[in-house]
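Going by TrEMBL, these are the annotated features:
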- 1-144: domain 'PUM-HD' (DOMAIN)
- 3-38: repeat 'Pumilio' (REPEAT)
- 39-74: repeat 'Pumilio' (REPEAT)
- 83-118: repeat 'Pumilio' (REPEAT)
């Protein structure tokens, strides 16, 4: 495990290594998860736009602690981007980043989700131009079914629901 943790930065971007890191995020110790989330946090936008690393970012959002999730989502809401463009509005247009945005909409706490929705609603006409835009727009609708995403975050003691 030590060799894996030393190589996290390289594995995150690797075609096969990203699966190893996803597994550690989901099944590793809290300390291992914290190291990976910290590394992801330092390049959250670059990783979110990467074919393989975006999967690790999604896994960090899903399996990070509530504090880690909040911090990561805050970076997407408040992070630095080009003038007149939020990081979310750039990610939603990216072929890999849009999946990260979908995950954010699925797992964000209500207050954060509302901020994300407000940012993205301003972009609906642009989002519609992309083939994956319908998935984002569906998640912007009031009452978007969040039950599945909530159930995934709650432990079920090994019982399938």
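Glycine too: its Cβ is placed from the backbone N, Cα and C atoms.
Nobody curates TrEMBL annotations by hand; they come from automatic prediction.
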DSSP-assigned states of the repeat 'Pumilio' (3-38) in counts, ordered helix, strand, coil: 29 helix, 0 strand, 7 coil
Beyond the flanks of the repeat 'Pumilio' (3-38) by at least 6 residues, Cβ under 8 Å: 47, 50, 52-53, 55-56, 59-60, 62-65, 68, 72
Treating G and I as helix alongside H, and B as strand alongside E, what does DSSP give for the repeat 'Pumilio' (39-74) in helix, strand and coil? 29 helix, 0 strand, 7 coil
Mind tallying the repeat 'Pumilio' (83-118) by DSSP state, helix then strand then coil? 25 helix, 0 strand, 11 coil
